[in-house]
Amino acid sequence: MPTESGSCSTARQAKQKRKSHSLSIRRTNSSEQERTGLPREMLEGQDSKLPSSVRNTLLELFGQIEREFENLYIENLELRREIETLNERLAAEGQAIDGAELSKGQLKTKASHSTSQLSQKLKTTYKASTSKIVSSFKTTTSRAACQLVKEYIGHRDGIWDVSVARTQPVVLGTASADHTALLWSIETGRSLAKYTGHVGSVNSIKFHPSEQLALTASGDQTAHVWRYAVQLPTPQPVADTSQVCGEDEVDCSDKDEPEADADVPSDCPTVRAPLTSLKSHQGVVIAADWLVGGKQAVTASWDRSANLYDVETSELVHSLTGHDQELTHCCTHPTQRLVVTSSRDTTFRLWDFRDPSIHSVNVFQGHTDTVTSAVFTVGDNVVSGSDDRTVKVWDLKNMRSPIATIRTDSAINRINVCVGQKIIALPHDNRQVRLFDMSGVRLARLPRSSRQGHRRMVCGSAWSEDHPVCNLFTCGFDRQAIGWNINIPALLQDK
């Protein structure tokens, strides 16, 4: 037989090596059925107490893990080859420049620079690959721990804010751009009362701490206090609306909007006039809240000021000025006479009314864009959210820097904190709602697909820790509010 020359043999070996590598990549991208067939057959013959659906999910996840690590392994091999090639090239260049050799120190520095760049590329590839695996497990946790329970549909325009009553009967309140506020039965999703006293967009709603009173802020430059009386209907069995959903959901932006008045009966009681109207702002009143005790209320306005009122007399007690741009939110402490206001000037301010003779103010700087909201937690912490896509947790005793920072991929709207469990709900512009703990660890993302979840920007959120059916509510510009059941122990256990 004819013999091959040395160069021909080397070329053929290189070609076979490239072909083998190409086949390896194709195998890596082969169908999941081919990859998981052997483990699935082996497991089918074993006794297991796990439901078949759970076992199948586990098999899919482990198959994905294997694929990710195999891809990563192949990429690592390629990067190592590149490093070796560069080192050989640098060594050759070091001997050929002007017929003189580079010093060992110069050669080492040059090679070290190239190696460090590839090392950084390797680390980035590793993080990107493993993050997909972590996301798979987070998605599995979200499916089990976060379930959509009820949708509240009836507004004719976007819903800016949502709140839960703190007294019996416990009802849900929504504030909408359609100039109305609605009260809902949490269990049945039916509207119980409608407030029509405003002539502008209703931007926020808050319930009195001990009476059946609601406080609403409006684009008509006023805040109203109005009384409601509702009777809860008989609860109906809650349908299972939970759907399997993952991190990469179907884009449902083109889905039809909820039908207006779908759950607002024609005989729904209407409140047309307030008990008290709080007037003195020269611009849109964007938010309002009750101070502890419920005898005073604070409002935040686009006129760059916040006002403190005596609710019984409607008198202006204090005008809180200092922000350089429009205010976006205000919040009061649940047990102390403290107020926090946020603004488009990238700051939020803490106002202290505990001492009647001294009204101190502290300015928190740390965001680079509009602070959309800042809320209190139990203790000495404030949580702020911003259009700069971050959430920061602050200690009131140390205002220089946040104790935790959460970075996200979308602007954040009105956040809310589950006080008992210290879980932060983040509603986003990109229609997502994510849950984090106070240290910045992500716990879950609420399910969203073409069948459930918000279809437009999520504007606000509210916790109701003790409610047996729903303990988290969200609202959005898709004209609906949604009630969720969050299995908090399961989230914290898998943290």
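Every residue, even glycine, has its Cβ placed from backbone N, Cα and C.
Automatic prediction, not curation, is the source of TrEMBL annotations.
Here's what TrEMBL has on this protein:
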COILED    69-96  coiled coil
COMPBIAS  1-13  compositional bias 'Polar residues'
COMPBIAS  22-31  compositional bias 'Polar residues'
COMPBIAS  32-47  compositional bias 'Basic and acidic residues'
COMPBIAS  248-264  compositional bias 'Acidic residues'
REGION    1-50  region 'Disordered'
REGION    248-267  region 'Disordered'
REPEAT    152-194  repeat 'WD'
REPEAT    195-226  repeat 'WD'
REPEAT    278-319  repeat 'WD'
REPEAT    320-361  repeat 'WD'
REPEAT    364-404  repeat 'WD'
Legend entry - Summary of DSSP states over the repeat 'WD' (195-226), given as helix, strand and coil counts: 0 helix, 18 strand, 14 coil
Legend entry - Tertiary contacts of the repeat 'WD' (195-226) (same chain, 6+ residues out, Cβ under 8 Å): 157, 160-167, 173-183, 270-279, 281-290, 292-294, 297, 299-301, 309, 311
Legend entry - Helix, strand and coil totals (DSSP H, G, I; E, B; other) for the repeat 'WD' (320-361): 0 helix, 27 strand, 15 coil
Inset, instruction - Pop the mean pLDDT for the repeat 'WD' (320-361) in here, whole number is fine. - result: 93
Inset, instruction - Write out how many residues of the repeat 'WD' (278-319) are helix, how many strand and how many coil, based on DSSP. - result: 0 helix, 25 strand, 17 coil
